[in-house]
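Just below is one structure, and these are the notes that go with it.
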Amino acid sequence: MFRLHYSTRPFGLQLRSIEEPPGGAGVPTPAPTCYDAECARTEAWLDENQEFVHDYFLRKAPRQVVDAWLVSHATPPSAELPSPSRAGSGATTPVRKISAHEFERGGLLKPLVTTVDGTPTFLGDQPHATPSRPQRRSRHELKQLDEKELIFELVKDICNELEVRVLCHKILQNVSILLDADRGSLFLVQGEKAASPHPQNGRCLVSKLFDVCSKSTPEQMEQLEEIRIPWGSGIVGYVAESGEPVNIPDAYKDERFNHDIDQQTGYKTRSLLCMPIKDINGEVIGVAQVINKQNDGPFTSYDEKVFSSYLQFCGIGLRNAQLYERSQLEVKRNQVLLDLARMVFEEQSTIEHMVLRILTHTQSLIRCQRVQVLLVHEASKGSFSRVFDLEAGDDEEPGTPRTSPYESRFPINIGITGYVATTGETVNIPDAYMDPRFDPSVDEGAGFKHNTILCMAIKNSEGQIIGVIQLVNKFDDLLFTKNDENFVEAFAIFCGMGIHNTHMYEKAITAMAKQSVTLDVLSYHASASIDDAQRLRSLRIPSSAHFSLHELAFDDIDMTDDDTLRACLRMFLDLDFVERFHIDYGVLCRWLLSVKKNYRNVTYHNWRHAFNVAQMMFSILTETQWWKIFGELECLALIIGCLCHDLDHRGTNNSFQIKASSPLAQLYSTSTMEHHHFDQCLMILNSPGNQILANLSSEDYEKVVKVLEDAILSTDLAVYFSKRKGFIELVSKDRTVTPIWGECEERRGLLRAMLMTACDLAAITKPWPVERRVAALVAGEFFRQGDLERQNLNLTPIDIMNRDKEDQLPAMQVKFIDTICLPIYEAFAVLHSSLQPMLDRVKSNRAHWIDLANNDKSNGEKFDYGLEKETEKNDKSSASSHVDDTENTYEGDSSGAVSLSSETNSKFDNLENPVVGLVSNNALVLPRDPTKFCHLNEMN
């Protein structure tokens, strides 16, 4: 450390190194207690010549001496900042209140200590270390330099200075040295260019420093009032407007010179040189003016050249300093807003707690007597449903800190708040009683008088007005400024988002459950490869007759997976979807492969089931010619819906999802798996390379998606029961599908829903060997769910899923046919005669199930479904008894369209997931002997 030490030589100071005191560098060293006579005289002389001491100190004192002085004169931290308290609620008033008025002065902000964590959230108190700068040469030394060296030295002096006022002071002192002038002034441009026809009306010139001489200090200049000069007025205004310098040998002979300044200051101006300061773009950012050359002569053309050369560097430095000052102010402003955002959004569990935070910190920052937040009534925009308020001093009340604001304590000034709530305009009133919208009666008997009011609308993310924030009576009788409006606007934005977010809290929980489901799905599935799509595209597509796609008794037992894909392509081609909707054939191939891949490897609800549902829909549409009733768009949606209606089926039903509290059950309370199937369908349709609907117009796309959603949700039997009565009444009345149905959306919607159910249950309409084969597959899937419920959920499964009660399956199947299947197929047989064979086979299969039930009762033996042994995978079928073990997470699904959801009437409780009331003719290769079932392990 260094200290100033007085030497025995008069008028001199020298630096002497001393040891650190015991307390360390931060403890000031005591001053010497005694001086000799010579030192006393020296000190007395220095006291009488303060200007010399100041100049000497500026030129000679190193940074260490300055630091030592600052440390010795610093205020102890404990005296400056009280220790922050730690209240229980972050909504209480901050320990240190920051006024928004500080931003208007451009001063540095002190740290704001909150009661949330007790730590500073703005810039700390520690000053930033600044690099040491070379000592500036004395005025006498500078005058000994030639022109280039002098300019170089003066440019070095300003190049690292970023504080605007200090920089301006240096510029003026350096200019005075360069031009040997007595004093100078500097004016900076403020404001922005106004719109035409008078683009300069928005700007003026402000004296940052006025009449600076060699002995002036920045501190002295700060005490002077600012002088504002209109743009284009006087000599300074002319230079700023024209961008040209002005050199006046005799100021009093120039009509532009203002004599009043000399009269006020007592200083006589003789010669004057005024020149613009421009930035790198040539824009005038200020005007520098020097007065009275020391030799009483005029400023020469050489002086103008030197002045201009130096001001070029000054313009760059001044612009940098202005940008730095502006950036620092924005940093402070952003820190305030970020801290406010953190306070508001830290907890949004209740609207009361969130509004209390907003009121508290608004009152803390703007410093006013009252703050109110009024929530607009949804039904009537001119009235308010809730009114929260806070008054200065509320935070000082004894007792436990509040966790919710006061409500409706004060009368509402409905004239102003209602106006803001309906128009959305900001109202800033300097005198409430002079505004016609203010109702003076609100102050009567209240012991309170409204003086200044700032009122602003609160909007949600969609720009809708949901409330009003009102501030009343700023402290110290000040008016609410534009700066206050900016901060309140930010508060209003945070408030709107906070209220909206609080209302969206439950939806956020739902979104989290949906995300969990999506991640699970994405980890399991993937789109089909391009190579597979190219391979499928190269295959020949046989006719519909080759695949027997028009047959209601269709059986896929002999078809390979490639055959099912080619048959799907044939359906799209025969229905003219590819040409009509400009579907890229390669994209269609990849989409079909992706849909197939997104069916899990479960026993029954797999790709083969979806393919058979689509085939039945194709057969009915073409045999009945109902495609003319629906139109091409709805037919496209129906075929897509059939192929996708059981996507990502897990081999378990809706009831299992609810019992296991799976993410799917949290996401959808009704039709759980059907909603999931629809979401998966959209995910594939929107994934790259699978967008078969890409060429549809937005209107057609929306229609297809709407019909698609209705079709997939209709496969839930709860939806079927809700619509069946109306459909049967309509059939009894019309007896046939007439053109009127095509013109009525309600009738078409009913017909589409019933068709989806009829196709989903269509296995019951197939010949008995097919029906019998499907029974084994469905029973295997159900029994596996029953095993999961018993093992993982510790529950007793219902009879249809209880492996120990498989002997009751024939009887339960008969009941399922009577209550669910016969009514719908009887109705379709009435609507079109070509569908009569479906009803006939349902009745025939019912007779077979009755025989099996009677035989089981008379023999006392269980019917052999071949479910006790594990099967081997068949190359010709996607079905397999080796079921995906992802069910360990208890994520399941309904058994498809045939499951009875929890909403179904209690009389159907025992019919959930019937054994054979399903569609698919899964291609397990079983013996053709119709007299008995085979074991599943006897596959070819």
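Cβ from N, Cα, C; glycine included.
Pulled from TrEMBL, these are the features on record:
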{"type": "ACT_SITE", "residues": "His605", "note": "active site, proton donor"}
{"type": "BINDING", "residues": "His609, His645, Asp646, Asp760", "note": "Zn(2+) 1 binding site"}
{"type": "BINDING", "residues": "Asp646", "note": "Zn(2+) 2 binding site"}
{"type": "COMPBIAS", "residues": "889-904", "note": "compositional bias 'Polar residues'"}
{"type": "DOMAIN", "residues": "528-856", "note": "domain 'PDEase'"}
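If you take the Cα of Asp760 (Zn(2+) 1 binding site) and the Cα of His605 (active site, proton donor), they are about 11 angstrom apart, rounded to a whole number.
With a 10 A radius on its CB, Asp760 (Zn(2+) 1 binding site) counts 29 other CB atoms from all the protein chains. Between the alpha carbons (Cα) of His605 (active site, proton donor) and Asp646 (Zn(2+) 1 binding site) lies a span of roughly 7 Å. Ranked by how many other Cβ atoms sit within 10 Å of their Cβ, the recorded positions His605, His645, Asp646 place His645 at the bottom. Counting every protein chain shown, the number of other Cβ atoms lying within 10 Å of the Cβ of His609 (Zn(2+) 1 binding site) is 29.
On the 0 to 100 pLDDT scale, the model's mean across the domain 'PDEase' (528-856) is 91.
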